[in-house]
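One structure below.
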């Protein structure tokens, strides 16, 4: 049937590109932030927490 071709799913390349999840964004700042919080406590890591928030915002996350 000729009408079915138009209803077929997108090519595999388009399906593989999924939106970035917050857990996977900014791994460098996330790792530094988490290590600081574990070692020193959250109250001593404000600069790393803010750096991670800025990175997330730059990627379009609303934090």
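Yeah, the Cβs are placed from backbone N, Cα and C, and that goes for glycine too.
These numbers come from a predicted model, not from an experiment.
Annotated in Swiss-Prot:
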BINDING   23, 24  Cu cation binding site
DOMAIN    23-63  domain 'CHCH'
MOD_RES   18  N6-acetyllysine
MOD_RES   30  N6-acetyllysine
REGION    1-20  region 'Disordered'
MOTIF     26-36  motif 'Cx9C motif 1'
MOTIF     45-55  motif 'Cx9C motif 2'
*Out of 18, 30, which has the highest number of nearby Cβ atoms, where nearby means within 10 Å of its Cβ, if these are the modified residues?*
30
*Measuring Cα to Cα, how many angstrom lie between residue 24 (Cu cation binding site) and residue 30 (N6-acetyllysine)?*
9
*Calculate the per-residue pLDDT averaged over the motif 'Cx9C motif 2' (45-55) and state the result as an integer.*
98
*Taking helix as H, G and I and strand as E and B in DSSP, count the residues of the motif 'Cx9C motif 1' (26-36) in helix, strand and coil.*
10 helix, 0 strand, 1 coil
_Quick check for the class: what is the C-alpha distance, in angstrom and rounded, between residue 23 (Cu cation binding site) and residue 30 (N6-acetyllysine)?_
9
